(Lines of atoms letter the chains of each structure in order from A and count residues from 1; the text may use other names and numbers.)
(Lines give C-alpha, C1' and ligand atoms only; values in the text may rest on other atoms or scores of the structure.)
Protein backbone atom coordinates (compact mmCIF):
# COMPACT_ATOMS: atom_id res chain seq x y z
CA UNK A 1 0.00 0.00 0.00
CA UNK A 2 1.41 3.37 -1.07
CA UNK A 3 1.98 6.28 1.29
CA UNK A 4 -0.66 8.31 -0.54
CA UNK A 5 -3.35 5.69 0.11
CA UNK A 6 -2.32 5.41 3.74
CA UNK A 7 -2.59 9.15 4.20
CA UNK A 8 -6.06 9.22 2.60
CA UNK A 9 -7.28 6.42 4.91
CA UNK A 10 -5.83 8.17 7.94
CA UNK A 11 -7.60 11.43 7.06
CA UNK A 12 -10.92 9.61 6.52
CA UNK A 13 -10.59 7.85 9.88
CA UNK A 14 -9.91 11.12 11.72
CA UNK A 15 -12.85 12.80 9.93
CA UNK A 16 -15.16 9.92 10.89
CA UNK A 17 -14.11 10.12 14.54
CA UNK A 18 -14.66 13.89 14.65
CA UNK A 19 -18.17 13.53 13.17
CA UNK A 20 -19.01 10.79 15.70
CA UNK A 21 -17.80 12.90 18.64
CA UNK A 22 -19.81 15.95 17.50
CA UNK A 23 -23.00 13.92 17.02
CA UNK A 24 -22.55 12.22 20.42
CA UNK A 25 -22.17 15.55 22.23
CA UNK A 26 -25.27 16.90 20.51
CA UNK A 27 -27.36 13.90 21.60
CA UNK A 28 -26.10 14.10 25.21
CA UNK A 29 -26.85 17.83 25.40
CA UNK A 30 -30.37 17.31 24.10
CA UNK A 31 -30.98 14.52 26.61
CA UNK A 32 -29.70 16.61 29.50
CA UNK A 33 -31.80 19.58 28.45
CA UNK A 34 -34.89 17.39 28.29
CA UNK A 35 -34.17 15.96 31.79
CA UNK A 36 -33.79 19.41 33.33
CA UNK A 37 -37.03 20.65 31.79
CA UNK A 38 -38.91 17.61 33.05
CA UNK A 39 -37.54 18.04 36.59
CA UNK A 40 -38.50 21.70 36.70
CA UNK A 41 -42.00 20.97 35.47
CA UNK A 42 -42.48 18.47 38.28
CA UNK A 43 -41.42 21.09 40.83
CA UNK A 44 -38.75 18.91 42.42
CA UNK A 45 -35.70 20.95 41.46
CA UNK A 46 -36.95 24.51 41.40
CA UNK A 47 -34.18 26.69 42.82
CA UNK A 48 -36.41 29.76 42.82
CA UNK A 49 -39.55 28.99 44.87
CA UNK A 50 -42.64 31.00 44.15
CA UNK A 51 -43.82 33.66 46.56
CA UNK A 52 -46.78 31.49 47.61
CA UNK A 53 -44.59 28.54 48.65
CA UNK A 54 -42.03 30.68 50.52
CA UNK A 55 -44.54 32.52 52.72
CA UNK A 56 -46.30 30.35 55.32
CA UNK A 57 -49.97 30.99 55.89
CA UNK A 58 -50.87 33.06 58.94
CA UNK A 59 -53.48 31.86 61.45
CA UNK A 60 -57.04 31.83 60.16
CA UNK A 61 -59.68 32.43 62.83
CA UNK A 62 -62.63 30.04 62.87
CA UNK A 63 -66.19 30.85 63.97
CA UNK A 64 -66.67 27.53 65.77
CA UNK A 65 -64.65 25.87 68.51
CA UNK A 66 -63.00 22.50 67.88
CA UNK A 67 -60.70 20.32 69.96
CA UNK A 68 -57.01 21.20 69.39
CA UNK A 69 -54.43 18.63 68.33
CA UNK A 70 -52.14 17.54 71.17
CA UNK A 71 -48.52 18.45 70.49
CA UNK A 72 -45.40 17.08 72.17
CA UNK A 73 -42.62 19.60 72.84
CA UNK A 74 -39.19 19.05 74.42
CA UNK A 75 -36.61 21.71 75.27
CA UNK A 76 -32.99 20.61 75.85
CA UNK A 77 -30.27 22.40 77.79
CA UNK A 78 -26.75 23.08 76.50
CA UNK A 79 -25.71 19.57 77.49
CA UNK A 80 -28.48 18.07 75.36
CA UNK A 81 -30.58 16.95 78.34
CA UNK A 82 -34.31 17.75 78.46
CA UNK A 83 -35.21 20.52 80.91
CA UNK A 84 -38.86 20.94 79.85
CA UNK A 85 -41.24 18.40 78.41
CA UNK A 86 -44.80 19.37 77.53
CA UNK A 87 -47.68 17.51 75.92
CA UNK A 88 -50.75 19.67 75.34
CA UNK A 89 -53.30 21.13 72.97
CA UNK A 90 -53.48 24.92 72.58
CA UNK A 91 -56.48 27.00 71.55
CA UNK A 92 -56.49 30.77 71.05
CA UNK A 93 -59.76 32.62 71.63
CA UNK A 94 -60.08 36.12 70.18
CA UNK A 95 -62.92 38.38 71.34
CA UNK A 96 -64.01 41.17 68.99
CA UNK A 97 -67.30 43.05 69.46
CA UNK A 98 -68.43 40.46 72.01
CA UNK A 99 -67.99 37.72 69.39
CA UNK A 100 -65.51 34.87 69.87
CA UNK A 101 -63.28 33.42 67.15
CA UNK A 102 -60.96 30.45 67.54
CA UNK A 103 -57.59 29.20 66.35
CA UNK A 104 -55.96 25.89 67.27
CA UNK A 105 -52.18 25.61 67.41
CA UNK A 106 -50.88 23.12 64.82
CA UNK A 107 -47.84 21.19 66.13
CA UNK A 108 -46.57 20.63 62.58
CA UNK A 109 -46.17 24.38 62.03
CA UNK A 110 -44.89 25.21 65.52
CA UNK A 111 -41.25 25.78 66.45
CA UNK A 112 -40.22 25.07 70.06
CA UNK A 113 -37.37 27.15 71.48
CA UNK A 114 -36.51 28.66 74.86
CA UNK A 115 -33.89 28.62 77.59
CA UNK A 116 -33.00 26.38 80.52
CA UNK A 117 -31.79 27.66 83.86
CA UNK A 118 -31.31 26.34 87.36
CA UNK A 119 -34.32 28.21 88.78
CA UNK A 120 -36.09 29.50 85.69
CA UNK A 121 -36.85 27.92 82.33
CA UNK A 122 -38.91 29.21 79.41
CA UNK A 123 -40.61 27.22 76.66
CA UNK A 124 -41.53 29.32 73.63
CA UNK A 125 -43.84 27.92 70.96
CA UNK A 126 -43.70 30.06 67.82
CA UNK A 127 -46.12 29.79 64.92
CA UNK A 128 -44.15 29.61 61.66
CA UNK A 129 -44.51 32.75 59.58
CA UNK A 130 -44.69 35.18 62.49
CA UNK A 131 -48.26 34.14 63.17
CA UNK A 132 -47.87 34.34 66.93
CA UNK A 133 -46.38 32.58 69.93
CA UNK A 134 -47.01 31.12 73.36
CA UNK A 135 -44.45 31.39 76.18
CA UNK A 136 -44.60 29.35 79.39
CA UNK A 137 -42.21 30.40 82.16
CA UNK A 138 -41.39 27.80 84.81
CA UNK A 139 -39.81 28.69 88.16
CA UNK A 140 -38.38 26.54 90.91
CA UNK A 141 -38.52 27.16 94.64
CA UNK A 142 -36.93 24.44 96.74
CA UNK A 143 -38.56 21.16 95.81
CA UNK A 144 -41.53 22.74 94.02
CA UNK A 145 -41.80 24.01 90.44
CA UNK A 146 -44.68 25.98 88.93
CA UNK A 147 -45.72 28.14 85.98
CA UNK A 148 -45.13 31.80 86.86
CA UNK A 149 -45.99 33.47 83.54
CA UNK A 150 -48.13 32.77 80.49
CA UNK A 151 -47.52 35.14 77.57
CA UNK A 152 -49.05 34.89 74.10
CA UNK A 153 -49.64 36.76 70.86
CA UNK A 154 -51.73 35.96 67.80
CA UNK A 155 -51.45 37.67 64.40
CA UNK A 156 -54.33 36.42 62.23
CA UNK A 157 -54.24 36.55 58.45
CA UNK A 158 -57.26 38.86 58.26
CA UNK A 159 -56.17 42.42 58.96
CA UNK A 160 -52.95 43.67 60.51
CA UNK A 161 -54.06 43.54 64.13
CA UNK A 162 -52.14 41.58 66.77
CA UNK A 163 -53.66 40.17 69.92
CA UNK A 164 -51.06 40.14 72.74
CA UNK A 165 -51.66 39.21 76.35
CA UNK A 166 -49.91 38.07 79.52
CA UNK A 167 -50.46 36.96 83.09
CA UNK A 168 -47.48 36.89 85.44
CA UNK A 169 -46.37 36.65 89.06
CA UNK A 170 -48.46 33.51 89.41
CA UNK A 171 -47.88 30.08 90.94
CA UNK A 172 -49.85 27.88 88.57
CA UNK A 173 -49.76 24.08 88.60
CA UNK A 174 -47.35 23.59 91.55
CA UNK A 175 -45.60 20.24 91.25
CA UNK A 176 -42.99 18.44 93.32
CA UNK A 177 -39.59 17.61 91.81
CA UNK A 178 -39.36 14.43 89.71
CA UNK A 179 -43.15 14.56 89.22
CA UNK A 180 -45.21 15.58 86.21
CA UNK A 181 -48.51 17.42 86.34
CA UNK A 182 -51.33 15.93 84.31
CA UNK A 183 -54.64 17.64 83.61
CA UNK A 184 -57.33 16.19 81.36
CA UNK A 185 -59.53 19.22 81.99
CA UNK A 186 -59.03 22.31 79.87
CA UNK A 187 -57.61 25.36 81.63
CA UNK A 188 -58.50 28.78 80.27
CA UNK A 189 -56.29 31.83 80.84
CA UNK A 190 -57.62 35.38 80.35
CA UNK A 191 -54.47 37.09 79.07
CA UNK A 192 -56.12 40.29 77.83
CA UNK A 193 -59.53 41.77 77.26
CA UNK A 194 -59.67 40.33 73.75
CA UNK A 195 -57.37 37.29 74.08
CA UNK A 196 -57.74 34.03 75.94
CA UNK A 197 -55.70 30.85 75.70
CA UNK A 198 -57.05 27.44 76.55
CA UNK A 199 -54.67 24.56 77.34
CA UNK A 200 -55.65 20.93 77.58
CA UNK A 201 -55.42 18.13 77.91
CA UNK A 202 -51.89 18.72 79.16
CA UNK A 203 -48.98 17.08 80.91
CA UNK A 204 -45.67 18.76 81.67
CA UNK A 205 -42.53 18.55 83.76
CA UNK A 206 -39.69 21.03 84.16
CA UNK A 207 -36.07 21.17 85.38
CA UNK A 208 -35.49 17.47 86.02
CA UNK A 209 -36.54 14.59 83.81
CA UNK A 210 -35.14 11.09 84.23
CA UNK A 211 -34.13 9.69 80.83
CA UNK A 212 -36.30 12.35 79.19
CA UNK A 213 -39.51 10.74 80.44
CA UNK A 214 -42.37 12.06 82.54
CA UNK A 215 -42.15 11.27 86.24
CA UNK A 216 -44.95 10.16 88.54
CA UNK A 217 -48.19 11.91 87.59
CA UNK A 218 -49.82 14.49 89.85
CA UNK A 219 -53.51 15.25 89.33
CA UNK A 220 -54.47 18.88 88.75
CA UNK A 221 -57.11 20.59 90.90
CA UNK A 222 -59.62 20.77 88.04
CA UNK A 223 -59.54 16.99 87.57
CA UNK A 224 -59.63 16.44 91.34
CA UNK A 225 -62.69 18.66 91.68
CA UNK A 226 -64.44 16.92 88.81
CA UNK A 227 -63.74 13.55 90.38
CA UNK A 228 -64.57 14.47 93.97
CA UNK A 229 -67.61 16.70 93.31
CA UNK A 230 -69.98 13.85 92.36
CA UNK A 231 -68.84 11.96 95.46
CA UNK A 232 -69.58 14.96 97.68
CA UNK A 233 -72.99 15.48 96.06
CA UNK A 234 -73.83 11.79 96.43
CA UNK A 235 -72.75 11.75 100.07
CA UNK A 236 -74.78 14.91 100.74
CA UNK A 237 -77.91 13.41 99.17
CA UNK A 238 -77.49 10.19 101.15
CA UNK A 239 -76.98 12.21 104.33
CA UNK A 240 -80.14 14.25 103.71
CA UNK A 241 -82.14 11.08 103.04
CA UNK A 242 -80.88 9.53 106.29
CA UNK A 243 -81.81 12.67 108.23
CA UNK A 244 -85.28 12.65 106.67
CA UNK A 245 -85.82 8.97 107.50
CA UNK A 246 -84.59 9.39 111.07
CA UNK A 247 -86.76 12.46 111.56
CA UNK A 248 -89.79 10.55 110.29
CA UNK A 249 -89.12 7.63 112.63
CA UNK A 250 -88.61 9.93 115.64
CA UNK A 251 -91.83 11.84 114.94
CA UNK A 252 -93.80 8.62 114.44
CA UNK A 253 -92.51 7.15 117.70
CA UNK A 254 -93.35 10.41 119.48
CA UNK A 255 -96.94 10.27 118.24
CA UNK A 256 -97.28 6.64 119.31
CA UNK A 257 -95.98 7.45 122.78
CA UNK A 258 -98.48 10.33 123.08
CA UNK A 259 -101.31 7.92 122.23
CA UNK A 260 -100.26 5.47 124.92
CA UNK A 261 -100.16 8.25 127.52
CA UNK A 262 -103.85 9.16 126.86
CA UNK A 263 -104.94 5.57 127.49
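Each residue, glycine too, has its Cβ placed from N, Cα and C.
Those TrEMBL annotations? Automatic predictions, nothing curated.
For 41-63, the entry in TrEMBL reads region 'Disordered'.
The domain 'Lysosome-associated membrane glycoprotein 2-like luminal' annotation in TrEMBL covers 68-209.
What TrEMBL lists as disulfide bond is 183-220.
Per TrEMBL, the feature transmembrane segment maps to 228-251. Sequence-distant contacts of the transmembrane segment (228-251) (same chain, six or more residues past either end, CB-CB distance under 8 Å): none.
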DSSP helix/strand/coil residue counts for the domain 'Lysosome-associated membrane glycoprotein 2-like luminal' (68-209): 3 helix, 96 strand, 43 coil
Cβ neighbour count within 10 Å of residue 220 (disulfide bond): 22
